[in-house]
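Marked as compositional bias 'Polar residues' by TrEMBL: 20-50. Annotation source TrEMBL lists compositional bias 'Low complexity' at 51-66. According to TrEMBL, the feature compositional bias 'Pro residues' maps to 70-80. Sequence annotations record features per position, and here TrEMBL assigns repeat 'WD' to 147-188, 248-290, 343-384. Annotation source TrEMBL lists compositional bias 'Basic and acidic residues' at 524-537.
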Amino acid sequence: MEEDGEIYDGARAEFPISFGKQSKSQTPLETIHNATRRSVPNSKTANDFPSVSSSSKQWLQSVRSSKNPTPLPPPPPSPPLHDDSPLVGPPPPPPHNDEKEEDDGDMIGPPPPPPGSNLDDSDSDEDSDQDLLGNRFRIPLSNEIVLKGHTKVVSALAVDHSGSRVLSGSYDYMVRMYDFQGMSSRLQSFRQLEPSEGHQIRNLSWSPTADRFLCVTGSAQAKIYDRDGLTLGEFIKGDMYIRDLKNTKGHITGLTCGEWHPKNKETILTSSEDGSLRIWDVNDFTSQKQVIKPKLARPGRVPVTTCAWDHDGKCIGGGIGDGSIQIWSIKPGWGSRPDIHIEKCHEDDITSLKFSTDGRILLSRSFDDSLKVWDLRKTKEALKVFKELPNHYGQTNVGFSPDEQLFFTGTSLERDSSTGGLLCFFDRVNLELVSKVGISPTSSVVQCSWHPKLNQIFATVGDKSQGGTHILYDPTISERGALVCVARAPRKKSVDDFEANPVIHNPHALPLFRDQPSRKRQREKVLKDPLKSHKPELPMTGPGFGGRVGTSQGSLLTQYLLKKGGLIKETWMDEDPREAILKYADVAAKEPKFIAPAYAETQPEPLFAKSDSEDEEK
């Protein structure tokens, strides 16, 4: 073997260094993930921790803004130790006296917090909650990437069950499709669709087999697309002049929400502003299977703002515009009468409903800036009400974590707020707020989802000028998804990618099919034309009017001079109109024209009244 190696080295020395296939330099994964690591904004000052020692402050700052967990340099020791060697491990207990506790030497690792500190307050230590999340709930929050491309807020989100494709819909009327397996670190979509021109995207939903997806827009007709974005069909629109909604073949006004059946790949559910829910068969686009009319206190049309299936597809939940929640159980002979009717759940429109896997807990999100937790076995009162969660979008949803220990929702950006859009996590067992994660300082968080297979959190944000989808992940606990596309460098362009467009010259073609001449030749032709190349006359800036010298506005020069000199006087302003007309009375009587001669023999003699001026003088 040694002789073979010597022979190989000797033969290799005869060739240049650049001979053969060169190995590509690969960027280590740690460097890639460090580039996508989330930076925790440090908006708090030292005044927020009045009882924390300087070393503890340094440790807290390092935990908040650390990208690489390296220990901080120790603070300078105040009293010298008897032993010059550094102290490894926890410091020895201080002597029993009333003096303040001080650091007695070089300490490795973060120091313990002093007694009486306010570290347990939720407002004073935000990152300690992150440590608790990492140890207890294992929320992937360390890294983040953003899928951009939309020009307005992203209002719809759908991730297929395998976690390979992501759909995002926006108020810019477009749906963008992303593929993690084929996407590079540029994070560009491979296809974009416009389902209904001029209508916002309200909701997107994958089928159970992930071979098709449902697109719900602001129009009255939902569309079905295949996995590659090709249109498979569009559901029919109902007759808007039929009063009874059960007699119409489809929705008559704009849709508000829609979901695919979680188990049956042939059934979908939609809700509309016309006040009905409809169950459709994807194989028949001309008519629905079932029409559900909610129960109302008084007759009328109240919009259904949202709808949802339970985990097994045996129940349907609907959020009604009057603030109530109605739930129907799918069973033989079921109709529009709800099995569970919770009145006055919210003070405003409901934007999202979410059932737990066991079917006992129901989450509801509303425009009244609240999130409520309901026990479907006791619906008289909500288990818990979380307030002060701003919501300005009708598609703001709520969801569960994969193990359902947590549930979460997004908040909207307020005018005077300094925190921006947040993603709030709540503990299902204790029914308390666990953490608030900042997603975007200038945009609202609308849709959010926690994928169980990828263990990654998706949150859509946006405003009037831009929109995107933030993906939160942790390289240690997340799988595939964002980890695949972030590590894939974009393909470099080769010589084969450049194609020269051939130019075909046909000088004897007909004028209709002849190529346009070059600009240089057109310019030369125009210069030879005496009319086109004639210099235009400059506008008149001297005396005169309308390009004529010696004229004024509305009269000739002689008339203008006579008027100014007083030779021509305009006396019609000073004359009495009655006297001016009577001047022609004698002429009209002697030489009548037009109608007067025909009635000369029978016409009575006109008598004119005398002037009133003489009576006034008397």
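The backbone N, Cα and C atoms fix where each Cβ goes, and this holds for glycine too.
Using DSSP to sort the residues of the compositional bias 'Basic and acidic residues' (524-537) gives these counts of helix, strand and coil: 5 helix, 0 strand, 9 coil.
The average pLDDT computed for the repeat 'WD' (147-188) is 92. With DSSP states grouped into helix (H, G, I), strand (E, B) and coil, the repeat 'WD' (343-384) comes out at 0 helix, 19 strand, 23 coil.
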